[in-house]
Amino acid sequence: MGASPSSPSPFPPLLEDEEQPPSTTAAASSSKTSKKLALIPLVFLIYFEVAGGPYGEEAAVGAAGPLFAILGFLIFPFIWSIPEALVTAELATTFPGNGGFVIWAHKAFGPFWGSMIGCWKLLSGVINLASYPVLCTDYLKLVFPVFSSGFPRYLAILFSTLFLSFLNYTGLTVVGYTAVCLGVLSLSPFLVLSLVSIPKIDAGRWMSLGQKGVQKDWRLFFNTLFWNLNFWDNASTLAGEVEQPQKTYPRALFSAGILTCFGYLIPLLAATGATPLDQEKWVDGYFADLALMIAGNWLKIWIEIGAVLSVIGLYEAQLSSCAYQILGMADIGVVPRLFGARSKWFNTPWVGILVSTLVAVAVSYLNFADIISSVNFSYSLGMLLEFASFLWLRWKFAEANRPYKVPLPFAGLVVMCLVPSGFLVYVMVVANKTVYLVNAVLTLVGIFWYFLMNLCRSRMWIEFESSGLKKDQILLS
């Protein structure tokens, strides 16, 4: 898969024997005093990358019934979320730097595959980003019906996207502590819902396989689980902005994992146990109606407000990941140097924020179902390459200094990666023709981009970083 060691590469090496001068973007960063992300803000940024609250898990009950939904959110983290988080913890601490998985694939298989995983993950990220202003507008239309359709709806999506992007521009530390506040505020109504539900819970309702006559939709069921429990690796693109990433990342991933699992399971158990099953009503947004039945209109309104706050947190976390991924790709020469430009005022990657925002605005007017399916497919391609990179780097650099190391032998690591990889293949196989077409086009665009960048570099039409990663950014012994 990777380039031959003897063949010349137009991209800068990721590791040299001698010390490299810092890159332009790195120099700009170091010349400015900027605060690093601490543990708690990173926990909530990861939480919003992955979940953002129970909003959206309702479809699992509608697709397969309460028992399968509960089992799904109980078991799926062990076969998917935990392996992905463990891979992220080891690679983010062994190969720290903005760019995350781009650095890992680049180091494992060469610049072409580094560029391709960057393309797949970035496209899945910005397409995913586009869904959040749509969701925000869907909640706003409940209060302001004028935003239901037509020009006012398009205008609301545009302005909400621009406003949220500007907040991200003001600094990652601001975004991190904003995520903490949004996380607490958006989860609090579900804590109240769970407490109020306790006297009304009938545990027998948890055993229901669904109502008679309602067909199970396994594609929707698994896509819902996947949608609600993926993107654990996205925060790896922020490694260069994190305080002591070798210590902070494992702790943050573990804490975010606990928060995510309990944040899904407890409200699901409370709502399914406290109310009679009306399966066809279990669609996105149904938690607000359940709150009305269980506690009253005051809790319904609280959950709807929490949903809007959750969407804001989801957008900010995803945009940060996309923007710093672009910055990291510029630092290692996958994209031109200009993509690594930082703001003079806030030291944020303003070009990365701008590019991600423009793509998100364009994609946000597509069908929402196609948005989600396209995200899942391109993300699956990227994750298969990421698992392969993890295994190859563990094999190739077995003696590397790893601040955190997954405590399994190599054969165990293969099994750990094969199980979620099987699910990734399933997600890709059940996709529809539109998703196949969209991702085929996007992949071809990624291949074309790689060779175009090669041509631009060889002809010196555009300026690229020439130093690659500094030696101290890759902890090889």
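One is the number of the first residue shown, and numbering goes on along the chain from there.
Each Cβ is built from the backbone N, Cα and C atoms, and glycine gets one as well.
Per TrEMBL, the feature region 'Disordered' maps to 1-29.
Under the heading transmembrane segment, TrEMBL lists 37-55 (among others). If you look at the transmembrane segment (37-55), the same-chain residues 6 or more away from its ends with a CB under 8 A from one of its CBs are 81, 172-173, 175-177, 179-180, 182-183, 186-187, 190, 228-232, 234-235, 238, 241-243, 248-249, 251-253, 255-256, 259-260, 263-264, 267-268, 284-285, 287, 306-307, 310-311, 313-314, 316-318, 320-321.
Among the features that TrEMBL reports, transmembrane segment is placed at 61-80 (among others).
Residues 132-134, 136-137, 140-141, 175, 178, 312, 315-316, 319-320, 323, 343, 346, 348, 350, 353-354, 356-357, 360-361, 364-365 of the same chain sit 6 or more residues outside the transmembrane segment (151-169) yet have a Cβ under 8 Å from a Cβ within it. What TrEMBL records for 151-169 (among others) is transmembrane segment.
Taken from TrEMBL, the feature transmembrane segment covers 175-198 (among others). Residues 37-38, 40-42, 44-45, 47-48, 52-55, 167-168, 259, 263, 266-267, 269-271, 273-274, 287, 290-291, 294-295, 299, 302-303, 305-307, 309-310, 312-313, 316-317, 320 of the same chain, all 6+ positions outside the transmembrane segment (175-198), place their C-beta atoms under 8 angstroms from a C-beta of that stretch.
The feature transmembrane segment is assigned by TrEMBL to 252-270 (among others). Residues of the same chain lying 6 or more positions beyond the ends of the transmembrane segment (252-270) and with a Cβ under 8 Å from any Cβ of it are 39, 42-44, 46-47, 50-51, 53-54, 57, 61, 69-70, 73-74, 77, 81-82, 85, 88-89, 183, 187, 190, 193-194, 197-198, 201, 206, 228-229, 232, 235, 287.
Residues annotated as transmembrane segment in TrEMBL: 290-315 (among others). Long-range contacts of the transmembrane segment (290-315) within its own chain (CB-CB distance under 8 A, at least 6 residues past either end) are made by residues 44, 48, 52-53, 55, 129, 132-133, 135-136, 139-140, 142, 164, 178-179, 182-183, 185-190, 192-193, 196-197, 200, 271, 274-275.
Residues or ranges marked as transmembrane segment in TrEMBL: 345-365 (among others).
If you look at the transmembrane segment (377-395), the same-chain residues 6 or more away from its ends with a CB under 8 A from one of its CBs are 1, 84, 87, 90-91, 94-95, 101, 104-105, 107-109, 113, 116-117, 120-121, 123-124, 127-128, 230-231, 233, 410, 413-414, 417, 420-421, 424-425, 427-428, 431, 435-436, 438-439, 442-443. According to TrEMBL, the transmembrane segment annotation covers 377-395 (among others).
Residues or ranges marked as transmembrane segment in TrEMBL: 407-429 (among others).
Sequence annotations record features per position, and here TrEMBL assigns transmembrane segment to 435-452 (among others).
Same-chain residues lying 6+ beyond the ends of the transmembrane segment (407-429) with a Cβ under 8 Å from its Cβ atoms: 79-80, 83-84, 86-87, 222-223, 226, 376-377, 380-381, 383-384, 387, 390-391, 394-395.
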